[in-house]
Amino acid sequence: MSPKTETKASVGFKAGVKDYRLTYYTPEYQTKDTDILAAFRVTPQPGVPPEEAGAAVAAESSTGTWTTVWTDGLTSLDRYKGRCYDIEPVPGEESQFIAYVAYPLDLFEEGSVTNLFTSIVGNVFGFKALRALRLEDLRIPPSYSKTFQGPPHGIQVERDKLNKYGRPLLGCTIKPKLGLSAKNYGRAVYECLRGGLDFTKDDENVNSQPFMRWRDRFVFCAEALNKAQAETGEIKGHYLNATAGTCEEMMKRAIFARELGVPIVMHDYLTGGFTANTSLAHYCRDNGLLLHIHRAMHAVIDRQRNHGMHFRVLAKALRMSGGDHIHAGTVVGKLEGERDVTLGFVDLLRDDFIEKDRSRGIYFTQDWVSMPGVLPVASGGIHVWHMPALTEIFGDDSVLQFGGGTLGHPWGNAPGAVANRVAVEACVQARNEGRDLAREGNEVIREAAKWSPELAAACEVWKEIKFEFETIDYL
C-alpha cells in the first residue's frame, strides 16, 4: 500500500479537513476476488476534480466523514475503507465520468441486502459536492453471494413443479386492478386459467382494501385455480399478493396461502422492503411456495440516467434477497426498456456466469456460482401481435404476462386467454422449425389466426396499437 494512503495510529491525530483523494483515491490498488466492486456515474459540482469526487463517493459510502476524527487511529482504515481505484470519462458527456470503487467484504453483514444498500446507496447520494450520482452496476463476489439463500426455488424447480417445459409461461394481471369484489375477481381468474393461461396475478396495488379483503380474495382465487386445474389437467397458479403494512401481517397472509394449497404468492419487494422480502423468500423455500416479485416504485429509483440506481443493480439485489419471478420490462410494450440493456439484466437474473459486456451495460463479470436463477416477467401494454418479438427476445425461460391483452378481448376473458395460448404455441413451433420470428413473426400470427377465431378477433382489435416513444435510459 502506498504511504500516501496508509493510515496508522502512530502518525498521530491532526484535526482539520483534508481532501478525500489523499486517502480514498488509490489508482494503484489491485482489486481482490473478495471485494465488492461498484461502478458509479458521477456528476461533480463545478470546480470539483474527478479524483476528489470519486474519492468522496468511496469515503462517504464506507468509512469516511467530512473531517478528520481521532478515532481513525483506533482501527485500520486500510482494511476497511472503500477505494476509488479507477476513473473513466462518459462518452458524449463532458461533466460526467464513471468512478470504480472497491469495498472490502468485511464492511457488510452477511446475507443482508438491507445493510449492503444502506452503505453503498445511502447518504452519499445527497452529498453536496456531487450534482448527481448513479450506481450503474455492482460486482457481487461468490464469497458474499454464498451468504444469501437467493430465490426460493429457481427456474428448473419451478418448471418441475408445474410440469411445463419448452415454452414461455403465460400470465395475466386481473383488471380492473381495483374495485372488483372477491367473487367477481375469482371468476375472472377462473376464466383466464380455464382458457389456457398458466398464471393469473394480483395487481401490485391489491392488498386488503375495503372493496376486497385479502382473505376473501385468497379463498375465491384458490377455488378458481382448483376448478381450472381439474378441467384442464394442467397445474395453474395465481399470484396472491401477500404484501402488507407489517412483516407479521405479510407472513400471516403467506401462511394462509400455503394452507389453501396454492403454488405461488407475491410480494412488492421495493415498497415492502428488502428485509421483509428476504424473510418471505426464506418462508417460501421452507414451505414449497413459489415467489413472484413485482417491482413497483423501481422507476422512481432507476429511470433517470444521471441519478439513482440502474435496474440491473436492483435485479441483482432481488436475486440475492429472493424471488422466483420479477418484472423486467418488455422492450416492445408500454413500459420503459431498451433492448440491449434489458437483455443484459435478464441474463444477470437467469444465468450462472455473465461476462462483462459494456454494450449491454454490464460493467463487471458476475459469477453467481450455484445460486438459482429468476424468471424475467414481460408485462405492460403487450398483446398478441407482440408475441413473436417477446418469444424471440426473452426465450423460453420467461413469463409473458398480458393483462389488458387478455381481458380486453372482444369476446371475453377466456377467449382472450385462448388467443394468447394459441399465439405463443404458434411462435414456439415456428421458432423450432427454424423460422425467423423477428422477420416472419406477423406472418406466423396471421397463419395461426386462420384456424383460431379467438386469435383472429384479438388480432383485429389490437392491430393498430403501438407504444412508440423514445427510451429515456439508454447506453
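Using the three backbone atoms N, Cα and C, a Cβ is placed for every residue, glycine included.
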Same-site substrate binder from S62, S76, S370, S379, given that Swiss-Prot records N123, T173, K177, R295, H327: S379
Those binding-site residues of N123, T173, D203, E204 having Cα within 10 angstroms of H294 (active site, proton acceptor): D203, E204
K201 (N6-carboxylysine) and T173 (substrate binding site), Cα-Cα, nearest whole angstrom: 5
DSSP-derived structure type at K177 (substrate binding site), helix or strand or else coil: coil
Among D203, E204, the one of these binding-site residues whose Cβ has the fewest neighbouring Cβ atoms within 10 Å: D203
N123 (substrate binding site), number of other Cβ atoms within 10 Å: 10
Using Cα positions only, nearest of the binding-site residues to D203 (Mg(2+) binding site) (K177, H327, S379): K177
In three-state DSSP terms, the structure that H327 (substrate binding site) belongs to: strand
